[in-house]
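Before any comments, here is the structure.
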């Protein structure tokens, strides 16, 4: 008796699902799928730092587009697991985002995002109406699908090309070092004792002597601008996805007409409220509660030498609780906060991915130690950076969920995108050449998102050493640092323009990938709703839909490969000067 037969027996609401041993072919399909995803991803990462390309291809092979090895119910299950992987990628991106850089560069991120949205839509309308003969609404729907940026693909590409990363978990190497030193500091080394205090703090005062790795791309200024711009693209994509069914209903003879104003305003308003209320709540409610009399630190930081943990810390119990127990507390907090933000975003009409990112930002801010912290007399004087490292949610996430995300959830996510692509229908001659031409135009449209980076580099008065050889900068000794050059006095406009080409190219190419958001908008435009329906009610015809799929597929494949090439060859130039 197979599993489907057993499922039929469990149709009665009072019965349970019978446990049965899976058949050997079922086990082999599942094992080969998960194993092949990781093997091909590792090979593609080694070849061109774009493992997700192999995952997309394997998804097409195992899924309905080609071999159809995976049953339909398996594809639905993997779709849910893959979306969990996408949420985890976004949440991890929020945990590792530099908050100060995010806030200071938010206007520039908005300009880059709007440039990367408006130009593809304008080019799409121009080409599809004048060149392909599509209607203006159909051209707008296609351009809307290609105006989005896949935030999950962008963050996965950053993880893949980061040379200092040993796993998919994004962390700063300095945090791990400081957390280890925090745990090794003796409990009885008080600040009043000069010798013991200096002896305890000596390893913490010179991390640069032992850590020389460059910061992760996502921790740099250009990486922060890229991530926040992709988040804005995701929110705008949600607005467009909600607007397209309303536009489709306007063309239908249905007597019920949608409220276009509310359809357009609701996602924007809800996202704006989440973005405004969350920092206020985090600053005046969550963070004070976490740091009230050190309550949060007592439970979330790993115990130091001679120090009790958890309940023992609070109620003077027995000495217990290794680092794994502290990680358990932090994981519980992360699950609760992430679930709350996902629910708020979903029920208010915003993007759940935006909610996941805000949850990561909130937790990252939550563990920042207060500037003036009252310590007990017997407590060592620990620098705020080391206390933050010991409390880091990013490190706890990397130790617990990181391997599962890297080898299971994230590969399944990109594979689920692959088996959503109608691969065999794409090879009709007219669709092929139109789709490839459209993909090239959409590649150039997103590449324009790097233009504000060039303008900012040229116009800013903070140009730092634009005429220096950026590749030689990391090799210089600390004893003779490269001088900080004033952009108005020392470097010419041509020098700054030439130096800005690398971060601008990185910014534009990293936003080329469309991925899940583009597929979602294209399918909504084809079916007339997000839940499916008759294709006759959609704005996109079959040919227009397949042309869009060509552009989405090629951009999603080419984008990460080009990012890998740029970062491998010119990483120091990408993050040189003001973009470090």
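Including glycine, each Cβ sits where the backbone N, Cα and C put it.
Of the given residue ranges 183-211, 212-240, 241-269, TrEMBL assigns the label region 'Disordered' to 183-211. Long-range Cβ contacts of the transmembrane segment (80-103) within its own chain (Cβ-Cβ under 8 Å, at least 6 residues beyond either end) map to 151-152, 155-156, 169-172, 216, 218-221, 224, 227-228, 334, 338, 342, 352-353, 356-365, 393-394, 397, 401, 405, 408-417, 516. When each of 56-74, 140-161, 225-248 is scored by its Cβ pairs under 8 Å to the transmembrane segment (407-430), the top-ranked stretch turns out to be 56-74. Panel annotation: around the transmembrane segment (328-346), residues 87, 91, 270, 274, 299-300, 310, 352, 354-356, 358-359, 362-363, 391, 393, 396-397, 400-401 of the same chain, lying at least six beyond its termini, place a Cβ under 8 Å from a Cβ of the stretch. Using a Cβ-Cβ cut-off under 8 Å and counting only residues 6 or more beyond its ends in the same chain, the transmembrane segment (268-290) has close neighbours at 235, 238-239, 296, 341, 344-345, 348-351, 354-355, 358, 361-362, 365-368. When each of 56-74, 110-134, 140-161, 225-248 is checked for Cβ pairs under 8 Å to the transmembrane segment (436-459), 110-134 comes out on top.
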